[in-house]
Amino acid sequence: MAQDNFSRVTEFILLGLSDTQELQLLFFTFFLLAYSMVLLGNLLIIVTVRTDPKLSSPMYFLLCNLSFIDICYTSVTIPRVLVALLSGHKAIAFEGCMAQLFFLHFVGSSEMFLLTVMAFDRYTAICRPLHYAAIMARGACWALVAACWVGGFIHSIVQTVLMLQLPFCGPNTIHSYFCDVLPVTRLACADTALTEWLMASNSGLISLGCFLVLVASYALILAKVRAHIAQGHWKVLSTCASHVMAVTLLFMPCIFTYLRPAGTLPTSRYVCVIYTIFSPMMNPLIYTLRNSEMKESMWRLWKRCRA
């Protein structure tokens, strides 16, 4: 049947995390606290790195960009969730849903690429220290960050174009708190098997590929420092451990969610909380509480603000 014969859906209904009205206040409090922590924690990292000349290394430049991405990433979904929980209005226009889907994957995939670049930075610093300054020069860092954003845009535009080709004639109820490829694809009035496989190949393979590169890089770092732990490399090991924690929080739920067609397994809406809220919320804690230089710089910033 031609797509023009369908009565096109003009809006979707986002059911959120629960259909129970009594839990709305609890979820509103959780989302508000989480978003506040993301904003305050990541803004603090950005201000600290930008104002302290001692934090001029490529690692902190990349960390500053990661904080900016986390702010953008959570801002795509959480503010609208807060408004919906407060007002009870759960409808989102079709165009708004597609825009949310586009920016979610744009920023999310850019973060995956950036975490891969951060792992490459640590690998170069530890395994090739004599060439580190030349490889990770400021121009190269800017080029790598730009490549992350370009890669995220290409990934996201492919997902969005595939979604816009589908006809939507009803139902229009999404069992989630944001628009994503899997729950929206299930609402299409057409055979979506090919589209599902293409989307799984796109999002899923990007998640899996970046994760495998990250695991390989940290394995090489671990092999490098294992023989030198007694010579003061515990700090390196601690830094890598914090990076692995951040990587696991983001990649494992994404791999579980996207590396399969939409209809093979039921997707828990609570799994999405891990990579859309919990991971960005934990990143500031992981990258600051386990980093003595960041804590010292924040303390100096605090003293300057009080002076």
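Here the Cβ of each residue, glycine as well, is placed from N, Cα and C on the backbone.
Annotated transmembrane segment per TrEMBL: 25-47 (among others), in sequence order.
Sequence annotations record features per position, and here TrEMBL assigns domain 'G-protein coupled receptors family 1 profile' to 41-287.
The transmembrane segment feature in TrEMBL is assigned to 59-78 (among others). The list of residues near the transmembrane segment (59-78) in space but at least 6 beyond its ends in sequence, with Cβ under 8 angstroms from a Cβ of it, reads 31, 34-35, 38-39, 41-43, 45-46, 49-50, 100, 103-104, 107-108, 110-111, 114-115, 117-118, 121-122, 125, 138, 141, 145, 177-178, 276-277, 280-281, 283-284, 287, 294.
Here the transmembrane segment (98-120) has long-range neighbours at 59, 62-63, 65-66, 69-70, 72-73, 76-77, 80, 92, 144-145, 147-149, 151-153, 155-157, 159-160, 163-164, 178-181, 184, 203, 206-207, 210, 213-214, 217-218, 243, 246-247, 250-251, 254, 275-276, meaning same-chain residues at least 6 beyond its ends whose C-beta is under 8 angstroms from one of its own. Per TrEMBL, transmembrane segment is recorded for 98-120 (among others).
Residues 58, 61-62, 65, 102-103, 105-111, 113-114, 117, 120-121, 124-125, 202-203, 206 of the same chain lie 6 or more positions beyond the ends of the transmembrane segment (132-158) yet place their CB under 8 Å from a CB of it. For 132-158 (among others), the entry in TrEMBL reads transmembrane segment.
Annotated transmembrane segment per TrEMBL: 204-223 (among others), in sequence order. Long-range contacts of the transmembrane segment (204-223) within its own chain (CB-CB distance under 8 A, at least 6 residues past either end) are made by residues 109, 112-113, 115-116, 119-120, 122-123, 126-127, 155, 236-237, 240, 243-244, 247, 251-252, 254-255, 258-260.
Per TrEMBL, the feature transmembrane segment maps to 235-258 (among others).
Here TrEMBL flags 270-289 (among others) as transmembrane segment. Same-chain residues lying 6 or more positions outside the transmembrane segment (270-289) and placing a CB less than 8 Å from one of its CB atoms are 17, 31, 34-35, 37-38, 41-42, 44-45, 63, 66-67, 70-71, 73-74, 77-78, 104, 108, 176-178, 180, 242-243, 245-246, 249-250, 253-254, 256-257, 295, 298.
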Below 8 angstroms Cβ to Cβ, which residues of this chain, lying six or more residues outside the transmembrane segment (25-47), approach it? 16-18, 63-64, 67-68, 70-71, 74, 78-79, 81-82, 85-86, 277-278, 280-281, 283-285, 287-288, 294, 298, 301
